[in-house]
Amino acid sequence: MAIPALEPQLHDADTSSNNMSSNSTDSGYDTNSTTPLEKSEKPNTQELKQQQLDPKRPPFVRVPDLFGSIMSTKPVVNPNYFAAKARGDRWIARVMNFNKAVAARNSKVDLCFLASMWAPDAPEDRLVMMLDWNHWVFLFDDQFDEGHLKEDPAAAAEEVKQTIAIMGGNAPRYTAESNPIRYVFQQCWDRLKAVSSQEMQQRWIDQHKRYFDQLLVQVDQQVGGENFTRDVEAYMDLRRGTIGVYPAISLSEYGAGVNVPQHVYDHPSLQECMKVSADLVTLVNDVLSYRKDLELGVDHNLMSLLMQRDNLSAQQAVDVIGDMVNECYRRWYLALAELPSYGEKIDYNVMKFVEICRAVAQGNLYWSFQTGRYLGPEGHEVHETGIMYLPPAANLVVA
């Protein structure tokens, strides 16, 4: 699953609030402004011997340049970041009844940083709703990823049914006490519905159903032990749905006040931009999470799939993913080349929508490095050197 469980991430996250710059300047957000972190410990003799014994998993891999092409610009952070973060973090802590320690860890995860890059021009109230949705999707997703719904198809389907009912107006009014996760989603839906057109509301519903449908497929595959019985394209098809990018794009449309007519939204070029965004998030996550997945014994990862299915080394698998990232860039520009003009007013919104697709992928990339989501305090060095050290085999959890 692409979206990590909240609790494990809370322990590993690091704050990024000291490195913010708003869109009041032209510099945006600069990762190079951070103080270089202490260098990672170099592989010792035992680790080098491990490479000789297990050449498929060396002590380190060289990651591809994930900051190239459409990811090379410096993202802009919404100037309402600090106010929205304070409001949203307090609210979710109260709703979920977090104790002080969990609330502090949640604050360090800094989902507002992520939302602020997705919609740098969003007003404060809309940015707060985007943060609330991000909190919801992590909590909701965790139930299917590592929680009680992971291997319970009937219960998973019921949870999805009840969540869809919220958007259909057929659900009871939830409270923080009766069902906090559904309550958060219901509050987000209420706020979007109050200011959005029927077309935008339907788009929100459709993209969430798309996400939910693939979560249920994931649960079925988990129960059936099908993690490595599909090819790369089948894996990517599933992950495009479960990654959460499609509803995140709809969320960012709301935040930015974008209004693309449905017949334009349905054009293959815009659909391909959404698909590229989802693929970039998936590929970045699977490379950067590989070390943590090894430590936790998790194998739902493209790296592991490539290594097992095609008998590749870790480095060869990374290189394949690097080629897939470059192919995403090519697909992006080909899609834009086929995009027709609809006139000034519509084209303005189309270009804003295209930028949202790009910003969702780029925001995930910068957030993943900056907050210690996967790499802990080594994110800056991995970005600078391209070297990601892997844990010794003796430290691994047997899945």
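Using N, Cα and C of the backbone, Cβ positions are placed for all residues, glycine too.
What Swiss-Prot records for ASP141 is Mg(2+) 2 binding site. Under the three-state DSSP scheme, ASP141 (Mg(2+) 2 binding site) falls in the helix class.
Under the heading Mg(2+) 1 binding site, Swiss-Prot lists ASP141. Its Cβ placed at the centre, ASP141 (Mg(2+) 2 binding site) has 23 other Cβ atoms within 10 Å.
For SER289 (Mg(2+) 3 binding site), the count of additional Cβ atoms within 10 Å of its Cβ stands at 22 [all protein chains shown]. If you look up Swiss-Prot, you'll see ASN285, SER289 marked as Mg(2+) 3 binding site, on the strength of similarity to another entry.
There are 23 other CB atoms within 10 A of the CB of TYR374 ((2E,6E)-farnesyl diphosphate binding site), with all protein chains counted. Among the features that Swiss-Prot reports, (2E,6E)-farnesyl diphosphate binding site is placed at ARG373, TYR374, with the record citing similarity to another entry.
Per Swiss-Prot, compositional bias 'Low complexity' is recorded for 15-27.
Positions annotated as compositional bias 'Polar residues' by Swiss-Prot: 28-37.
The region 'Disordered' annotation in Swiss-Prot covers 1-60.
The motif 'DDXXD motif' (141-145) scores a mean pLDDT of 94 in the predicted structure. Among the features that Swiss-Prot reports, motif 'DDXXD motif' is placed at 141-145.
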Roughly how many angstrom lie between the C-alpha atoms of ASP141 (Mg(2+) 2 binding site) and SER289 (Mg(2+) 3 binding site)?
17
Cα-to-Cα gap, ASN285 (Mg(2+) 3 binding site) vs TYR374 ((2E,6E)-farnesyl diphosphate binding site), nearest whole Å:
9
